[in-house]
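*Asks:* Take a look at what TrEMBL says about it:
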DOMAIN    29-64  domain 'EF-hand'
Amino acid sequence: QRRGRWLLCVDDDQKAHFDRVISAVGSDRIEELLQELFRLHDLNRNGVLEESELIKINEKIQILHYGEDIDKEEVRTKYKDHFREKLDPEGRPVPYDVFRAYWLHVLKEHDKDLRVHEMILEQCIAEVESARQAFFIKAFHSQSDEPFLP
């Protein structure tokens with residue numbers, strides 16, 4: 001499948017024109033994005049996704065969206081339940097292949113188009129990158145962040 005984008009080009013005479021940039025979206029690109037999303041979730045860089053990491057990332061995302069006064073216990077409960085329902089029923093850390101299988105299922109349920117999968121994953125990556133930055137904003141810092149800081 002092909003995805004088209006427009007690139008603004010300005011020549012030496014300062015004349016602007018748009019060139020169409022064609023890029024293929026295939027399984028390699030989706031795999032690359034899934035690996036990046038997993039890497040970003042793996043806060044302690046031990047090669048597995050832990051329940052506490054999923055909770056903490058989503059806690060930060062909620063704070064970024066709704067402010068500091070979110071109900072953190074509600075967020076913790078929601079993502080603990082989500083982890084146990086979708087990834088591991090006992091809350092044990094999961095390797096990349098489990099995370100990948102879950103995300104591929106979610107993406108296919110949502111849409112069959114790989115371009116849509118790419119956009120969803122890119123947005124999720126942007127959200128998690130922002131959440132990771134929130135660890136370093138004093139206003140968003142909490143003592144429970146300590147295990148996840150470098």
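Keep in mind that glycine also has a Cβ here, set from the backbone N, Cα and C atoms.
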*Asks:* Is the domain 'EF-hand' (29-64) packed against any residues at least 6 beyond its ends, judged by a Cβ distance under 8 Å, and which are they?
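*Replies:* Counting only partners 6 or more residues beyond its ends, the domain 'EF-hand' (29-64) has Cβ contacts under 8 Å with 70, 72, 75-76, 78-80, 82-84, 87-88, 91, 93-96, 98-100, 103-104, 107, 114, 117-118, 121-122, 124-125, 127-132, 134-135, 140, 144-145, 147-148.
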*Asks:* By DSSP, what is the split of the domain 'EF-hand' (29-64) into helix, strand and coil residues?
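*Replies:* Helix, strand, coil within the domain 'EF-hand' (29-64): 27 helix, 1 strand, 8 coil.
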*Asks:* Please average pLDDT over the domain 'EF-hand' (29-64) for the predicted structure.
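*Replies:* Mean pLDDT, the domain 'EF-hand' (29-64): 97.
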